[in-house]
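For reference, Swiss-Prot has these:
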COMPBIAS  13-26  compositional bias 'Polar residues'
COMPBIAS  43-58  compositional bias 'Basic and acidic residues'
COMPBIAS  210-219  compositional bias 'Polar residues'
COMPBIAS  224-237  compositional bias 'Basic and acidic residues'
COMPBIAS  337-351  compositional bias 'Basic and acidic residues'
DOMAIN    164-210  domain 'G-patch'
DOMAIN    240-267  domain 'KOW 1'
MOD_RES   THR216  phosphothreonine
MOD_RES   THR316  phosphothreonine
MOD_RES   THR473  phosphothreonine
REGION    1-96  region 'Disordered'
REGION    203-244  region 'Disordered'
REGION    327-353  region 'Disordered'
Amino acid sequence: MADSKEGVLPLTAASTAPISFGFTRTSARRRLADSGDGAGPSPEEKDFLKTVEGRELQSVKPQEAPKELVIPLIQNGHRRQPPARPPGPSTDTGALADGVVSQAVKELIAESKKSLEERENAGVDPTLAIPMIQKGCTPSGEGADSEPRAETVPEEANYEAVPVEAYGLAMLRGMGWKPGEGIGRTFNQVVKPRVNSLRPKGLGLGANLTEAQALTPTGPSRMPRPDEEQEKDKEDQPQGLVPGGAVVVLSGPHRGLYGKVEGLDPDNVRAMVRLAVGSRVVTVSEYYLRPVSQQEFDKNTLDLRQQNGTASSRKTLWNQELYIQQDNSERKRKHLPDRQDGPAAKSEKAAPRSQHWLHRDLRVRFVDNMYKGGQYYNTKMIIEDVLSPDTCVCRTDEGRVLEGLREDMLETLVPKAEGDRVMVVLGPQTGRVGHLLSRDRARSRALVQLPRENQVVELHYDAICQYMGPSDTDDD
């Protein structure tokens with residue numbers, strides 16, 4: 001009992017010493033970017049500007065010259081194999097059987113290894129990188145199971161390193177091509193490639209590109225002048241193809257007429273022009289327009305108006321003179337005796353008169369630029385009916401019928417294609433229909449074959465005209 005009591009400590013004898021806690025390990029502060037570590041991003045290198053030459057900036061550090069990209073050609077690895085010996089009668093069938101069995105065993109072992117690897121790598125991404133072996137190369141080693149050579153396995157290509165436009169030249173350089181040298185074994189000469197240029201917008205396949213380029217103004221542009229001179233010469237300089245700008249038509253049915261641009265059609269490269277004579281809006285290709293100054297526009301439009309006024313006044317005077325002549329002739333006929341009617345009629349028949357050439361089914365050109373404000377100027381049309389020797393009715397290609405057209409408003413039209421039918425309108429063969437054989441633009445003459453007379457005649461352009469009538473018509 002005494003021993004047990006001695007081993008038990010009393011509760012009241014507790015120690016009054018203070019209790020303290022401490023840590024023996026401290027956590028180090030982690031830095032996100034370590035400047036001493038080589039794996040971190042390198043600081044940006046500063047460059048300084050050295051000189052400025054034109055639009056080029058030269059720095060202190062010279063730039064490396066761009067290297068020419070070369071894609072080496074993959075050589076074919078065809079190797080010569082010794083010819084197989086023909087099987088002789090001494091061939092051991094047992095050796096052949098052993099070879100077949102050993103090959104089957106190797107295939108089974110390879111298949112088992114493959115399945116084992118697939119099971120082990122079940123959790124791995126199934127997308128594998130399959131190396132491409134050079135075409136025509138056989139794996140090195142004794143058997144077919146040996147690994148391919150390292151040089152036959154291509155490296156992973158960096159497609160961003162080679163631009164698309166430089167890929168073809170890089171392949172040619174790898175094949176041994178050099179700039180300035182010909183390609184070929186027998187006729188190695190440099191052949192310039194044919195580059196097809198795009199046609200100007202708005203010109204189709206039937207348009208003549210050379211004529212459009214010839215009409216386009218190619219003069220040198222003027223240097224800008226001071227503000228005072230620009231304001232002074234503002235009317236002397238063309239504004240260009242802009243709405244409100246003055247232009248002149250260079251080609252087409254409205255050739256030589258002036259007008260102002262009302263609007264532009266950039267999709268079809270055409271402009272809506274209001275003609276100065278007649279105030280009619282027409283659509284013309286921009287290639288057939290030339291901008292003019294306001295001073296030139298005012299001068300030419302004034303001349304056209306004066307010509308129009310003089311033409312109308314001449315027409316009025318001509319009508320008055322014709323009326324006076326008719327009145328005088330009627331008065332003379334009343335006062336002359338009846339016995340003079342016979343000789344007078346004979347003298348009228350013997351008097352020379354101008355020969356008229358109007359005939360039905362002739363294709364003519366309208367040349368009067370004052371008729372209805374020049375609306376039908378340089379337009380091709382067909383004579384529908386002849387009202388009098390010098391008056392006719394015509395129909396345009398659009399189907400419009402024009403009545404009361406005089407002979408002096410029209411001119412004969414010679415076809416361009418050889419073999420087209422023409423009619424002789426002046427001379428002893430008037431009214432004959434033949435075929436055009438050839439034309440001579442320098443002399444304005446043409447060779448015409450007349451089938452009925454079976455002869456070939458040379459006539460002037462004014463003596464023939466394109467005929468659009470029935471093929472079996474050949475009036476005498």
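Positions of Cβ are set from backbone N, Cα and C atoms, glycine also.
Residues in the domain 'KOW 1' (240-267) partition by DSSP class (helix H, G, I; strand E, B; coil) as 0 helix, 12 strand, 16 coil. For the compositional bias 'Basic and acidic residues' (43-58), the DSSP-based tally of helix, strand and coil residues reads 0 helix, 8 strand, 8 coil. In terms of DSSP helix, strand and coil, the domain 'G-patch' (164-210) has 10 helix, 2 strand, 35 coil. This prediction places the mean pLDDT of the domain 'G-patch' (164-210) at 79.
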